[in-house]
Each structure stands twice: as structure tokens, then as C-alpha cells.
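From TrEMBL, here are the annotated features:
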| type | residues | note |
| --- | --- | --- |
| REGION | 1-68 | region 'Disordered' |
| COMPBIAS | 1-11 | compositional bias 'Basic and acidic residues' |
| COMPBIAS | 20-33 | compositional bias 'Basic and acidic residues' |
| COMPBIAS | 49-67 | compositional bias 'Basic and acidic residues' |
| TRANSMEM | 87-107 | transmembrane segment |
| TRANSMEM | 199-223 | transmembrane segment |
| TRANSMEM | 284-301 | transmembrane segment |
| TRANSMEM | 307-325 | transmembrane segment |
| TRANSMEM | 337-362 | transmembrane segment |
| TRANSMEM | 382-400 | transmembrane segment |
| TRANSMEM | 457-476 | transmembrane segment |
| TRANSMEM | 519-539 | transmembrane segment |
| TRANSMEM | 551-573 | transmembrane segment |
Amino acid sequence: MTELRCRKSETLEGDNEEEEKQKESELETKPPDVEQVNGSSTAAADGSQQKDEGEVKGGQHEQEESSRAQSCVKAKGLSASVFLQRLVRVFFGCLASVACGMLYAVYLSTYHDRKFWFSTRQELEREITFQGGSGVYYYYYKRLIAAPSFERGFYELVVDNRTVSGQTINAVERLSLYPELITSFIYRVTGSQDFVEPIYFYIGAVLGLQAVYVTALFVCSWVMSGTWVAGMLAVAWYVINRADTTKVDHAIPLRDNWALPYFSWQVTALTGFLRNKIGSSTEMFCYLTMSATTFTFLLVWEHSHYVLFIQGFCLFLLDSFDLMADIHKVYLSSLFLAYMFQFQNTALLSSPLLSLLIGSVLASENCFQLGVGPLVARVMKLFLHFYLVFTSGITYSYLVKVSHMGAGHLDFILKFLEVKFGLNTTTDFVPNFLLCQESFQTPGQDLFLRLTQASVLPFYFLVLAVCLLSALQAIYRRLSGQPLCKTYSLENGGIGEKPEVVYHVFHTMLFGGLALMKYLWTPYVCMFTAFGVCSPDLWMTVFKWLKLKSIHPVVLSLILSTAVPTIICFSLWREFSPRVLAELSELQEFYDGDTVELMSWIKSQAPVAAVFAGSPQLLGAVKLCSGSAVTSLPLYSDINLLKRTEDTYQVYAMRSAEDIYKLLTAQKTNYVIIEESICSELTINKGCRIKDLLDISNGHIVYDKGEIYSFSKYGRFCHEIKMNYSPYTNYFTRVFWNRSYHVYKVNSVISFQY
């Protein structure tokens, strides 16, 4: 650009010189008049004077040209030095981001081995470490590895009649098994079976994705703040608050651990796309990255479209205020591809994300833009835009319900959301059971206490308050018809005018306010807070509001954006680095002897074709370790499986032996496993115990003077069956027991003994 400007100035000056020469030649060709003839001597003297002045002017022109040439050379050198500085900065930033990701993966691997003594365990003991029912995903990975060919293994998963008793399911669709498909395919193609065990290859793939996750948070904070110090601070806060940011410590195969790294990169690409200071090639790269990561995110996690709905609503708000371009095509194309790859999954057709997209597209076709006009007219257009979008979305949802395309799934989601947000109450077991899961519970005070101790929460509220107020100012100016700054500089002090900042304000507020999942909210709290304290724009916005004059605000904002994160990093290193390193040096003892004994008995004593009933988490381990068929799976997005889970859990209710027998035989159960931890559960939160949920659902609750009591003419089945008397012995025979588990065989022929 500097070279072009120099050439342009030289061309203009050359044209001016040519015009002057043409004027002089025209004057010379004019005929002399009488006065010129009479004063020839005077003219001669004047001519010599003009000649001297022309020589002086010529020297001045030469000096100006040489000075311009020198300025062009200096500009070229300056642009080259600026480019070199940016290149060095980007290189070291990328190096730091990759180093943080790799170190985090090594840290997780070492911690996992120390916690479970993984390298010294036998295969059965290693598989039991996959807690929370996550072992069922690794079972399918093992099954694909053991298949004669990848094609044969894929076919067996699509037509799977060996998992859920009495059903043939498409396991790839129901359990979102594309991560296992891709990992097993890579394991086969690369010939890794010659030097890496399957379980280590699988764990390495998941931990590698966690490195990608951390790298994405680093880059996102770096892109927003302009300094990679923010990325390092975001990673430090993420690692320190690892208990609230990831489940990878105890349940490696869970879908969250596969999906959230892709969502993190999708958010990073979206942040880059929303920036104004990017070229067309960078914009296209961000757009393609968004498309690829959105599609992958939809493919590997059954709950992904709910997360994207919240994100889509944030972008809808930005689009309503004309703060961004339309990117609905990314979501629509990704939804269509995911729908095809998931075997026409009707849950995607009835998803709220698709309803929002259809409403937004219809509203954009009608061109409800803010345009020009008074404030009242703009606000009316905005409300009309909202009305059209939500009316179209509700109409589409109603048509889906009428056409029975995922109608049951839609009804269940609406009922669950009503109970979640206190709009309704229910005695049904399934919604109350889901609300008692950790993922759907509102975070407790201990979460905020831990974030405060790590100094995240105080700075988060500071950054959020400044960005929110500045964003509200920008939105008000937009509604008032005042133009927003297209080119941002530090002197402007309007951090809320940046679309990427407004998006992240909406993002963190909606995910935090809805309290959907702390593992979705906490990582972005770390990233957003790190961006804020390292951004000079944020401090400049505060100083502009305070009208600071004693010290130059630009200088002070640059100083604070460097000093504050430096102090925070030093305090974090001093307080938390010994704890993090101590986790690697301490040898923890994790050995569930009762579960190992149970799985060993099932593998050695139970028939191969036996069907087991129990809690979903335990059945996931049973399926992994023995391969036996089970009555249900730990999958909380499938209504049919949740209903089967409710029937299985009736062994902890106050029901008769005959009722339980009928429920179990309807699911073709051969053995039922009763867990002592559920039957004799003692917790402070009594409303979320399995037996309490069952008593409420079965109507066995009596309210007396504000107290809640359980009452039924039958005793609690899991207690009564241990007494080993009729009629329980007529239907069930105990075949195995230890301190934690009691296994009963469901008699195929009822023996009436008294």
C-alpha cells in the first residue's frame, strides 16, 4: 500500500510539471506587443533573473523528489518491519498454543495412569475404570476392532440385535458412534495393532482432542484480545478448574469429551469470522472451519443441536441489531448433512435449532431490517422481526408434531423444559430422574467458591459488566440511527461495538443463566475473563467512561492490560502449581474389588445368551466386560430406553414380587442385579434418590405436617428379596452376592413354595 501511494504521488507531481511546461511554451509562442518591443533591455534583465530563479526551483524539485524517494524507502522498510514483527508474534503465539495443548495432554495421560494405576492393571480392571456408563462406547470400539473387516463391523452396528434385549437397534444412530468408527478405521489402516494396544490408542485419541480443546480456547482468547498472554491465562484457569471444565478424568469415552473440542474450534472460527479487520481469504477460511466443525459437532453428540440452538439464538440477536452478516447457511447445511449421516434422524427435524433457522430465514426474506427512521419505528420493526421469527418457528414445530415426525421426542423435551424452569411440576419418573443428573442440575455454591478461589469469578463479573454496558450502548446507538464505527482504534474505547465481543457476552450469559451444563459454561468463563483482563480496549472503555485526564488513558490501558495478567499469572503459579504437580506425584488407589468380582462371575458363570437388568451405569460396564445383552443403556436422549430404565428401577420401589417379575420378564430378563448403594442410599438431597423418585411416580408418598413419608402395603423390593422368603423365592433365586451387589436369577418356571 505504501509503494502504491508513493507511485501515485509521483505521477500526480509529474503531471503538474508537464502542465507548467505547456503553459510556458504557450507564453513563448505568443507575438510580442508594443510594450515588449520598447522595453527590450528591461526584458533581457528580467530574463536573466527568471533563469536564475528557474535554476533554484529546479534544485528544489530535485530535493523534493529525493526526499519523496527516501520517504518511500522508509515506508517500505517500515511496512517490512511491521510485517516481520507480526510474523514473529504469530509464530510464537502458535508455538505457545500448541505447547500448551501438548503439555495438557501429557499431564492428563500421566494423571490418568497415576489415578487408576492403568499401566499395571489387567484388561478387565482397566475397562472398569470407564465410569458413569461410558464403557458401552468403548465396547463398540472393541467390537469394531475384533470384526473380520471394517465393513462387517459397521454392518453389525447398524443392525445390532446383541445389545438391547428383544430389540434390533441402529447403534451408530442411537449412540452417535462415529468417533468409534473413525478411530477404529484409523487403527486398522495405520497398522497400529502391531505396536499399540487398542485401549491405549483409544485413550490417546480422546486426550489428543483435549489438547485441541485447550488450543482452541487459547486461540480464541488470543484473537479477541490481540495478545497470546490471554491465551496462556485462559489455559491456566482451565487446568486449575479442571474438575468443573471436563469429565475426562473419570469417563473418557463420553460423547462430551469427543464433541466439545469441535465446538470450541467452531466458536473460535465464529469469533474470527465476526471480526471486521480480516481479509476475504481469512473470512473464507473461518467460514469453512465453522461449517466443518458444526457438522462434526452435530455428528458426534446427540445433545449438540440443543447447544447450537443457544448459539443460534445469540447470532439471531446480533443479526436483529444488524451487527453481523447472515450465516444461516452454515447451520442449515450442517443439519442436512448430519440428518443424512445419522440415517434420517427425526430428532433433528423436530429440534428447536431447525425451528429457529426456518423462522430466521423467513424473516430475512421479508427484509425486516432496522433501516432508517425514528427510534419508535426501529423498535417496532425489531418487535415485528421477533414476532415473525418465533411465530414461524412455533408453526413449524406444530406441523412436525401433527405429522408425527419426532412428535414424541418434541413432547418429551417440552415437558422436561417446563419442569426444569419451574413452569410446571410432574410426578413422572423420567423427567425428575433427568433433572437429578449432574449435567442438568443447577450448579451449587461450591462451584462459585472454587472459581472465586482461583480468581476467575471476580474478574469475570468485571469483564462481563464492562462489555455488557458497552454493548448496550452500541445497540442503543444502532436503534437510534447513529452509525457505528467500522474501524476500531484504541482511542475510541468502545469494546461493545465489536460484534465478536457482543456475541460472547450473549454466549456466556445464556449458558450461565440457563444453567444447562457447567462443563459448557466454565471453559468459556475462563476464556472470556482472560480476554477481558488482557484487552487494552476494555480498560480504555472504562477510562473513557471515567473521563480520565490526569494520565493519558491510552498509556494507562496498555500498562494495565500487561500488568494485571502478569500479577494474576504470578499469583496462580505461586498458589496452584504445587497442587497441580502434587497430583502427578501422588499415587492414588482406585480398585473396585466388588465390581471386578461381579464381572468375573458374569464372564465365567453366566450363559453367553443371558440378559441382565440393572442400573444403566452398571449395565454399561456389564456390556463392556462380558458382551452380554442388557435391558437398557446409559443413554438419556432416547425415550424408549428411559422407559425401560424406569421399569428396571422398579426393583427399588415398594412393589410386589409378582409386579416386578412381570416387568422383568417383559424385557426377557434372565438376571437382575441389585446394587446396595442404591437400595440403602443415604443422602442429604432425599428428593433425588432413586427410591424417592419411584415412590413419587408410583403414588407411594404421604404428606403429614410438612413431612414426606413413603407408604405402601408392600415392602421395598430390594430389601424384602434379601430375606429369602416366599413369594420372592418363587420368582427369583439368588446366584451371586458380595458387599455391593446381589444377583438374582429370574425363574423361568415359577415354583410356589411356602
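Note: Cβ is positioned from N, Cα and C throughout, glycine not excepted.
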If I count Cβ-Cβ pairs under 8 A between the transmembrane segment (307-325) and each of 199-223, 284-301, 337-362, 457-476, which range comes out on top?
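Looking at each of 199-223, 284-301, 337-362, 457-476 in turn, the most contacts to the transmembrane segment (307-325) are made by 337-362.
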Which residues of the chain, 6 or more past the ends of the transmembrane segment (551-573), have a CB below 8 A from one of its CBs?
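Sequence-distant neighbours of the transmembrane segment (551-573): 225, 227, 229-230, 232-233, 236-237, 240, 454-455, 459, 490-491, 493, 530, 533-540, 543-544.
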Can you tell me which parts of the same chain pack against the transmembrane segment (284-301), counting only residues 6+ beyond its ends and a CB-CB cutoff under 8 A?
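Same-chain residues near the transmembrane segment (284-301) but 6 or more away: 176, 178-179, 255-256, 258-259, 262-263, 265-266, 269-270, 272-273, 278, 307-308, 327, 330-331, 333-335, 337-338, 341-342, 348.
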